[in-house]
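As given in TrEMBL:
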- 87-197: domain 'MotA/TolQ/ExbB proton channel' (DOMAIN)
- 20-39: transmembrane segment (TRANSMEM)
- 122-143: transmembrane segment (TRANSMEM)
- 163-185: transmembrane segment (TRANSMEM)
Amino acid sequence: MTPPVDFSFTALFLQATPLVQGVLILLLACSLGGWAIILEKAWLLHRLGRQVRCFEALADQGLLEAGADSGPLCQALIRAGREELHHGPAGEGEGERRQRLAAAMGESLGAFWLVAERRLPYLANIGAAAPFIGLFGTVWGVMHAFTGIALAQDTRLATVAPGIAEALSTTAIGLLAAIPAAVAYNKQAADMGRLARRLGLAIGRLARRAELPRRQPVRNAA
């Protein structure tokens, strides 16, 4: 009687060629790294959502003040706007000051968003590359399996199945790494873009409605 064949992932990994083992390790690392980014960005989006709502409330009221509990995003935007209002040529009109206020907060938002979106493109890379890395491992594994069959001159299922299963496992792991990464990237990138557009609109409202502080007069040295 033919002994049962172990098709567990551990057994397939141990029986695989070094190249296929390397592919599997790479795909598992991509999967773990992808999930780490997914969870990090999910938590970041949760916090950003609250801060965006806080800034929208300030914009609706025309307030250039951010409380200690408003979050770093609100504080950075308000600070950038207030600092910009303390500069400018003498005799500058109110409209020009409001334009500079909006521009300063927009620049601060851009700098903040560059940091917030960091590592998000890695999810797109994993989603695009992982299936092909897995397919490469499958092709190599099938070639190795057929070579083993030819050398053994045995086409029984017990001889053929382990090699084929080993080869197909790389495609399966590649898809397991790629699908969550691709779905999360599309969702989280869309959410980030939506929040950025809301902030852009709120900055425009705040620049129009805010009560501008008086510029301190410049005293000439005696």
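Any Cβ shown, glycine's included, is placed from N, Cα and C.
Since the structure is predicted, the reported quantities are computational estimates derived from the model, not experimental observations.
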Averaging the per-residue pLDDT over the domain 'MotA/TolQ/ExbB proton channel' (87-197), what integer do you get?
88
Counting by DSSP, what is the helix, strand and coil composition of the domain 'MotA/TolQ/ExbB proton channel' (87-197)?
97 helix, 0 strand, 14 coil
